[in-house]
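Annotation source TrEMBL lists transmembrane segment at 15-35, 70-91. Summarising the annotation, TrEMBL assigns domain 'J' to 104-165. What TrEMBL records for 468-579 is region 'Disordered'. What TrEMBL records for 483-501 is compositional bias 'Basic residues'. The compositional bias 'Basic and acidic residues' annotation in TrEMBL covers 533-561. The compositional bias 'Acidic residues' annotation in TrEMBL covers 562-576.
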Amino acid sequence: MAGQQFQYDDSGNTFFYFLTSFVGLIVIPATYYLWPRDQNAEQIRLKSLRRVHGRCLWYRLRLMKSQQSVVPTLKKAALLFGWAVFLLLAYKVSKLEREYQEYNPYEVLNLDPGASVSEIKKQYRVLSLKFHPDKGGDEATFMRIAKAYAALTNEESRKNWLIHGNPDGPGGKRSCWFSDYFKCSHSCIDAGEVFIGTWWYRSIRYSGDQILINTTQLFMHFMYKTPNMNMKRLAMVLTAAFEFDPRSNKEATIRPTDNIEVPQLIRELGNINVKKKEPPFCYPYSLKARVLVLAHLARMDVSEELEEDQRFVVRKSPALLQEMINVGCQLTMMANSRGGFHAPRLVTIENCMKLTQMIVQGLQESKSPLLQLPHFEEEHLRYCISKKYKVRTLQDLVSLKDSDRRSMLRFLGEEKYDEVMAVLGSFPHITMDTKLQVLDDEDSNNITAGSIVTVTVTLTRKRMAVRNKTLKTKTKVWQNKSKGAKKTAKSKKKKLTKKKATPAPAKTKQANGNVAGNVMTAAAAKEEEDEASDKGSESDEGEANKDSPSERDEDSDKQSDTEVDEMAGDDEEEWEALQQSIQRRERALLETKSKVTHPVYSLYFPEEKQEWWWLYIADRRDQTLVSMPYHVCTLKDTEEVELKFPAPSKTGNYQYSVILRSDSYLGLDQIKPLKVAASCGGFKLVSVGME
């Protein structure tokens with residue numbers, strides 16, 4: 001209606017409201033995600049790791065980066081500039097004065113409200129002659145005059161003015177800032193579309209683990225083509241990944257000096273299948289990456305330019321090998337469900353795991369795991385493998401007496417020896433406890449054909465130094481038990497010769513100070529005496545003292561009631577255990593555990609890496625996977641993992657292995673045999689032991 005109020009922003013001030021909101025939507029989230037974190041906390045953490053990891057390549061690179069990096073300063077400067085612009089716009093908006101005015105065609109024509117049509121036409125002629133562009137007048141003023149005249153004389157324009165407050169109708173409420181707003185909004189939308197399009201184009205090229213889809217397809221092709229892949233072939237497939245091709249990854253580079261330096265490294269390395277013409281192994285990027293990986297495993301020195309490229313290749317390799325393991329598992333599942341082709345052999349998947357360990361530690365397959373320690377060189381190994389010590393593994397080194405260990409490592413000074421012991425004490429020692437059952441079944445211990453068997457593995461991580469103390473303690477207990485058993489055997493022989501009814505429990509201390517053996521001997525002698533007295537009483541009574549039929553019935557009823565109660569108790573215990581397992585699984589699904597576990601000690605790996613593990617069940621005789629490898633990335637102290645596999649459909653004895661492999665250290669893998677006996681009535685767990 002004519003009295004309706006509408007807001008017009010002829011000054012364009014409303015544009016600043018939009019601009020302020022737009023800048024705020026960018027600056028506030030960017031500050032939360034991009035503001036540099038506290039550098040002091042990182043410096044304190046690095047300082048605490050210095051004693052053990054001070055010689056590691058990644059540690060030295062991290063220190064150099066923290067000292068020379070200007071990125072945090074640039075981030076802070078950019079964010080502070082954004083906040084300055086945002087506060088300036090907010091201040092300007094707070095000072096703006098809003099102007100409200102009603103559109104009145106009588107005021108435009110300088111007429112009184114209620115003027116007649118003849119007066120309106122007369123005034124329009126006067127103003128047209130004065131402001132017409134052909135007469136030298138202002139075009140904008142003339143357009144306002146024509147619009148006001150139409151609002152008072154044209155029926156449709158007058159109706160729009162009376163109803164909507166503007167002769168142009170509902171769309172006429174656009175203010176003069178609308179064009180600026182539209183232009184800015186259109187620019188923002190275009191920029192957003194470009195950003196989303198770029199992100200989408202890049203994201204569709206990668207898998208969920210940020211591996212190029214083309215690389216995954218390449219791995220699948222060669223693992224399907226070569227199910228049994230040795231280490232040399234595996235290294236060729238790894239370095240053929242498109243992550244190392246400059247055409248697919250901008251981080252990869254091909255330098256003009258590669259034509260000189262790469263052939264020189266090839267001559268030093270020896271036979272690396274250079275003459276193989278199978279694509280993509282013969283491509284320059286693949287050959288260069290292969291040479292750099294092999295030089296890293298041989299711990300060879302390279303030039304500064306190649307060293308940068310080598311660090312890039314080595315840093316990418318563990319994630320690529322994990323993708324190869326995933327591809328091998330997918331092919332195995334496809335072969336088990338569909339058939340028609342051979343699944344990758346177990347040795348292929350395990351070679352991927354071994355190659356990951358080798359790349360992280362910078363060691364060849366045939367080298368001693370003792371070379372993972374600092375200050376150990378090839379010439380020092382002869383002291384370790386001598387007939388006197390016979391130390392070939394890290395566990396052998398830990399189990400030595402301190403005096404023997406110090407004597408064997410006499411080529412090290414005191415400081416170096418202390419450093420070696422500190423590093424060795426930081427290495428992990430994992431204890432692995434397994435429990436086999438069939439969840440969601442009436443009898444969890446009876447494994448029937450077609451059921452899903454669940455092996456619950458509890459992993460506990462301790463330091464290698466703690467394990468040394470544990471070994472000493474266990475040795476003492478074992479000695480006590482053996483001595484106690486010997487004493488018990490001697491007491492049995494003595495009792496049989498003398499035929500005493502009640503031997504007195506002797507507590508005299510022996511020369512070795514062992515009291516536990518005497519106590520165990522007395523207890524065993526007492527049990528034997530009770531058994532002999534029971535047998536004697538039974539032989540004396542004979543058949544004359546047999547129970548009456550009524551007494552036998554009562555005893556049988558009591559025995560049946562007792563069995564029923566025991567079965568009910570067992571059912572309740574199984575039910576409680578099942579509920580606890582379900583609750584643990586639900587909590588595990590809801591919890592998001594950090595993948596930061598323990599930093600790996602690696603002398604030649606260019607990036608800080610965390611301790612992760614692979615856990616799986618395999619049939620080593622048939623060289624097949626029974627359960628897919630589970631990548632344990634959250635083992636800090638204790639972790640519980642459930643491995644599932646279908647029960648075998650044929651009767652017989654099955655020997656599986658529960659295998660734990662490190663993805664960072666050599667020589668710390670564990671294998672635990674899992675034996676299952678299958679019969680027509682079901683399957684039964686025979687034994688679980690440690691290899």
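Each residue, glycine too, has its Cβ placed from N, Cα and C.
TrEMBL entries are annotated by machine, without manual review.
DSSP places the residues of the domain 'J' (104-165) in helix, strand and coil in these numbers: 47 helix, 0 strand, 15 coil. Cβ atoms under 8 Å from those of the transmembrane segment (70-91) belong to residues 16, 19-20, 23-24, 26-27, 30-31, 34-36, 39 of the same chain, restricted to positions at least 6 beyond its ends. Note on the domain 'J' (104-165): mean pLDDT across this stretch is 80.
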